[in-house]
Amino acid sequence: MASSSGSNHICSRVIDHSHVPEFEVATWIKITLILVYLIIFVVGILGNSVTIRVTQVLQKKGYLQKEVTDHMVSLACSDILVFLIGMPMEFYSIIWNPLTTPSYALSCKLHTFLFETCSYATLLHVLTLSFERYIAICHPFKYKAVSGPRQVKLLIGFVWVTSALVALPLLFAMGIEYPLVNVPTHKGLNCNLSRTRHHDEPGNSNMSICTNLSNRWEVFQSSIFGAFAVYLVVLASVAFMCWNMMKVLMKSKQGTLAGTGPQLQLRKSESEESRTARRQTIIFLRLIVVTLAVCWMPNQIRRIMAAAKPKHDWTRTYFRAYMILLPFSDTFFYLSSVVNPLLYNVSSQQFRKVFWQVLCCRLTLQHANQEKRQRARFISTKDSTSSARSPLIFLASRRSNSSSRRTNKVFLSTFQTEAKPGEAKPQPLSPESPQTGSETKPAGSTTENSLQEQEV
């Protein structure tokens, strides 16, 4: 008897047909979201489009490897698709006018599938880009094995194929349906709520929404929980890699002399510039993890709430918590696709400089070889002027210091093959990479040969 009384008490709080119109948010929320979504849309499209152009310029000018460029361009494309596919359709069908008729079932399925694919492509691109940087910093001798053009294409292909597989179940589980249709296979509350024509004839209901179909409940649940597991694995993996990269970057590199013969490697005391670059990189790595956690978690919680139990078992408190969370989770989710260009600008002075040049249509960046030659000529002229009145030991010291100053101001150096003799080859650099404050220099190298030094 007590069990029956408790069940009746819970059933008195379960939503019914009178609550269905509340799936449409209040007008003031709609207007606020219009303004917020418009700002996010413009900033996101512009920022990611400029990012694509900047990475192409940096690669062409010799500052960025093609493999890193491919990763960043693919990530920016997935972010742009998230905005183009997700934001207009989601705002209209979920926020502005959620109640519709079943005639829009195909558009609901396609939108959900494509949006899920692009969303998880963005997530997995963060994973692969972090993995590429992790190998370069923590396991540099293994870097070439995973950084070739073929390996990068395989990684990018893996990202898009895996994202499509994660989203594929939603193509069958989603559709247009009256939200309170009973799920036949679900053993939930037996409340015997009053039925309406929308229950009996869901195919003719004008109060349907784009939601999970009642006869595909298990498919929907497995899809949402599986996607959540993928998110947790990616978050944990990126956090692990960023933590290990930060440990490597925080190690002291003072006073180490290694090597034999003509090749000597001198690890110098860090300059203020190197310390600043390292601090910015550590901040950048932390921001990657924070962005994945803060921007993605609210949306994942909302999805788990939708998959935890069918809507006909939702209490009024549960339903209102879901509707309050909806606009916040969507906003934070779209912000995750806006912050990537911002992180690049924070992490690299070179990227930030070219970003604003592209934005202002005033590109003045010189090729890396040309810039190094100009610096070499300036140093040669300066050294020849002062050599008559300076001991050779001080002259050699100044040349060593000038070589240190020629290090490009970017963060995680990308290892390249050494230039051939007599050929100046630039050191392409990743815009999210810190300099390590060490150099490899042949004994007795001339100023011209300094263009071929390999800076690690």
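Backbone N, Cα and C define each Cβ position, glycine as well.
Listed in Swiss-Prot:
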type	residues	note
COMPBIAS	430-456	compositional bias 'Polar residues'
DISULFID	Cys11-Cys191	disulfide bond
DISULFID	Cys108-Cys210	disulfide bond
CARBOHYD	Asn192	N-linked glycosylation site
CARBOHYD	Asn206	N-linked glycosylation site
MOD_RES	Ser397	phosphoserine
REGION	415-456	region 'Disordered'
TOPO_DOM	1-34	topological domain 'Extracellular'
TOPO_DOM	56-69	topological domain 'Cytoplasmic'
TOPO_DOM	90-109	topological domain 'Extracellular'
TOPO_DOM	132-151	topological domain 'Cytoplasmic'
TOPO_DOM	173-217	topological domain 'Extracellular'
TOPO_DOM	243-283	topological domain 'Cytoplasmic'
TOPO_DOM	306-323	topological domain 'Extracellular'
TOPO_DOM	345-456	topological domain 'Cytoplasmic'
TRANSMEM	35-55	transmembrane segment
TRANSMEM	70-89	transmembrane segment
TRANSMEM	110-131	transmembrane segment
TRANSMEM	152-172	transmembrane segment
TRANSMEM	218-242	transmembrane segment
TRANSMEM	284-305	transmembrane segment
TRANSMEM	324-344	transmembrane segment
In the topological domain 'Cytoplasmic' (243-283), averaged pLDDT is 62
The transmembrane segment (70-89) touching the transmembrane segment (152-172) per 3+ Cβ pairs under 8 Å rule = yes
If one takes Cβ-Cβ under 8 Å and requires six or more residues beyond its ends, the residues near the transmembrane segment (324-344) are 25, 29, 32-33, 36-37, 40, 43-44, 47-48, 50-51, 54, 72, 75-76, 79, 82-83, 86-87, 90, 94-95, 119, 122, 284, 287-288, 291-292, 294-296, 298-299, 301-302, 305, 351-352, 355, 431-432
Taking all protein chains shown into account, the Cβ-based neighbour count within 10 Å for Cys108 (disulfide bond) is 21
In three-state DSSP terms, Cys108 (disulfide bond) is classed as helix
DSSP assigns the residues of the topological domain 'Cytoplasmic' (132-151) as 18 helix, 0 strand, 2 coil
All chains considered, the count of other Cβ atoms within 10 Å of the Cβ of Cys210 (disulfide bond) is 22
